[in-house]
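What TrEMBL records for this protein:
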- 27-495: domain 'Major facilitator superfamily (MFS) profile' (DOMAIN)
- 55-74: region 'Disordered' (REGION)
- 20-37: transmembrane segment (TRANSMEM)
- 100-118: transmembrane segment (TRANSMEM)
- 130-152: transmembrane segment (TRANSMEM)
- 158-186: transmembrane segment (TRANSMEM)
- 198-217: transmembrane segment (TRANSMEM)
- 223-244: transmembrane segment (TRANSMEM)
- 317-338: transmembrane segment (TRANSMEM)
- 358-375: transmembrane segment (TRANSMEM)
- 387-415: transmembrane segment (TRANSMEM)
- 435-453: transmembrane segment (TRANSMEM)
- 460-479: transmembrane segment (TRANSMEM)
Amino acid sequence: MARLPAGIRLIISFSRDQWYRAFIFMLTFLLYASFHLSRKPISIVKGELHKQCAAGDEPEPRFSDPSSSTKNRIPHQLQDNETEIDCGWAPFDKSNYQQLLGALDYSFLCAYAIGMYLSGIIGERLPIRYYLTFGMLASGAFTALFGLGYFYNIHSLGFYVVTQIINGLVQTTGWPSVVTCLSNWFGKGRRGLIMGIWNSHTSVGNILGSLIAGYWVSTCWGLSFIVPGAIVAAMGIVCFLFLIERKVSENSINRFRLQKQTAHGEKSGPLDPELQCLLLSDGKSPLHPSHVVVIPGDSSSGMAAISFTGALRIPGVIEFSLCLLFAKLVSYTFLFWLPLYITSVDHLDAKKAGELSTLFDVGGIFGGILAGVVSDRLEKRASTCGLMLLLAAPTVSLSMLLLSGALVSGPYALITTAVSADLVSGHHALSPSPALVSLSGAALGPLLAGLISPSGWSNVFYMLMFADACALLFLIRLIHKELSCPGPAAGNQAP
């Protein structure tokens, strides 16, 4: 008898559980990458919303004159007799454009920070698959809505701010859901490496978002939002069709067998459709344990949600939250302002600036993986974060984007994935504690960048270096504890 082909032998060498783990890993990776893909266009389009005018020139408020509405239908299409200088899309074409663009970022990120806490409370009461699907469909709709402002010639700042606020709220469904799902399938062994690789979805999404938005930014910036919005919505449908929330445990198998035996002896209502996946189609013979993959949510699993104050009492939560406040400040300032900075300083167009800014995200991929590998080997999460933060401060500059991306994104990636999962081990996966970690901040950095940049971009980088030093400062106690006590990190010893 002929031997099986090598490829088939490779496939059957892995158990069904391993294949499902790989599938969930890739699916959640793509789902959250699409979230970040939809967040990136605003930073790319900033260079088009406000263009550099000749010194001392500033256009009249064209959008306020009804008689000129046809002439201004699309700002970059000028009439032959028009002598006004095109400085972008009103109302962002004025000298205070940096504050207005900062208001867009702050609206999104402030809503995101507040919504992250609410997301933990609401999400723990709903099936993850339904909750995440709703969030992705809504996020796609409001991302596209921002781009429709181009086609419908909308120049109201309020329209764009409200769209950003609602989009920030619905995007909070993503992170707690995908981290919970991944934690359900992967144990604590090599969690730093697994989540370090998985967390590169942030950088991958940013890179794809930059390239997609940059393709249309100079010709039709509305599509820079509509296309990413459509991608997020499409991934929401994929989530609904394919996401498996958790794998089955042996206790659950025995419980379902007992339920089936009881069903033979007495009349009962129809089984839940998700329970039927544990039984054969004839309803008589139990499914072999190796084929059991899915179980429904179980309110009696013994993992109760904890309160906000209870989350604060978990060892390490306060320190890591304050550290993340400043780590996110740095990371999100780069995310939302780096392309505009490149446009202003190097005088590149919006498309080329967006492409160059991807170097920071490429570095972020390697930084997240490196942080995970080192923290797994040393079993010291805080010390790993502290070392990278210490090395990051001198590299926060345009000339070292790749290295800066690795050192800035490494601690941020480690805290939001492996550390967060460690801290909530033994508690409800969607409890307020991971929400607290994300709630501690992303809105402050882009807001400060918008306020400080008029005085000079160098002052923005000084602010980022100071924030990086503060992030390191809040980890000093945990680092000292880890280095003085051999064994696992303090975060892993949470009750």
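Every residue, even glycine, has its Cβ placed from backbone N, Cα and C.
The list of residues near the transmembrane segment (387-415) in space but at least 6 beyond its ends in sequence, with Cβ under 8 angstroms from a Cβ of it, reads 192, 195-196, 199-200, 202-203, 320, 323-324, 327-328, 330-331, 334, 341-342, 345, 356-357, 359-364, 366-368, 370-372, 375, 381, 437, 461, 464-465, 468-469, 471-472, 475. Across 100-118, 198-217, 223-244, 358-375, 460-479, the stretch most heavily in contact with the transmembrane segment (317-338), judged by Cβ pairs under 8 Å, is 460-479. On the 0 to 100 pLDDT scale, the model's mean across the domain 'Major facilitator superfamily (MFS) profile' (27-495) is 77. At the 8 Å Cβ cutoff, the transmembrane segment (223-244) and the transmembrane segment (100-118) share fewer than 3 close pairs (sequence separation 6 or more) and do not count as touching. Spatially, the transmembrane segment (20-37) is adjacent to the transmembrane segment (198-217); three or more Cβ-Cβ distances between them are under 8 Å for residues at least 6 apart in sequence. Residues of the same chain lying 6 or more positions beyond the ends of the transmembrane segment (358-375) and with a Cβ under 8 Å from any Cβ of it are 191-197, 199-200, 202-204, 206-207, 210-211, 334, 338, 381, 384-385, 388, 401-411, 413-414, 417-418, 489. With a threshold of 8 Å between CB atoms, the same-chain residues lying at least 6 positions outside the transmembrane segment (198-217) that come near it are 25, 28-30, 32-41, 43-45, 47-48, 182, 223-225, 227-228, 231, 335, 339, 350-351, 354-355, 357-358, 361-362, 364-365, 368-369, 372, 405, 409, 413, 416-417.
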